[in-house]
């Protein structure tokens, strides 16, 4: 008699106490881009914070951005002239890179963004990492298309053989933004599996 009661109890326990869900993997990313490219606003929106009263990031800030299948700890670096030269001090330990550019910016700023992206893609601590390049402010009339940006930034020859994703985005379209990050997470997972196989 005792046996069957015990079995029922075991059965009940197996049904209700599955234990905590498996921990989501966490990835450390660095987020770079010129001042005004919209890094802080995009990250705030992904964290469901209001991007209204966002000021420019001076120095750096860290945000944990939760997704269904991973948590991204994003170290966002300020994009001002005097801060950019220190970016590389913060690259260590990064597993991926988010580069945000303002696709509606002036030619000069676009040129600067291109140079910064090129140095990041070639930096010894970043060159093997997956890159998510976000062409932000697509909702502005002056925004350049992703094709124009790809050509202007010379991504094909420069980033060949690297893992990179170039996506249009704006604060108005969270679905596209989340999709871009899902693609980045897939690249991070692939890299993880490769490391395990080594």
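Even glycines carry a Cβ here, placed using N, Cα and C.
Cβ-based neighbour count (10 Å, all protein chains) for residue 40 (Mg(2+) binding site) stands at 23. Residues annotated as GTP binding site in TrEMBL: 33, 34, 35, 36, 37, 38, 39, 40, 79, 136, 137, 138, 139.
Summarising the annotation, TrEMBL assigns Mg(2+) binding site to 40, 57.
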Count of other CB atoms lying within 10 Å of the CB belonging to residue 39 (GTP binding site): 28
Distance from residue 40 (Mg(2+) binding site) back to residue 139 (GTP binding site), taken between C-alpha atoms, in Å: 17
Densest Cβ neighbourhood among 35, 37 (binding-site residues), 10 Å radius: 37
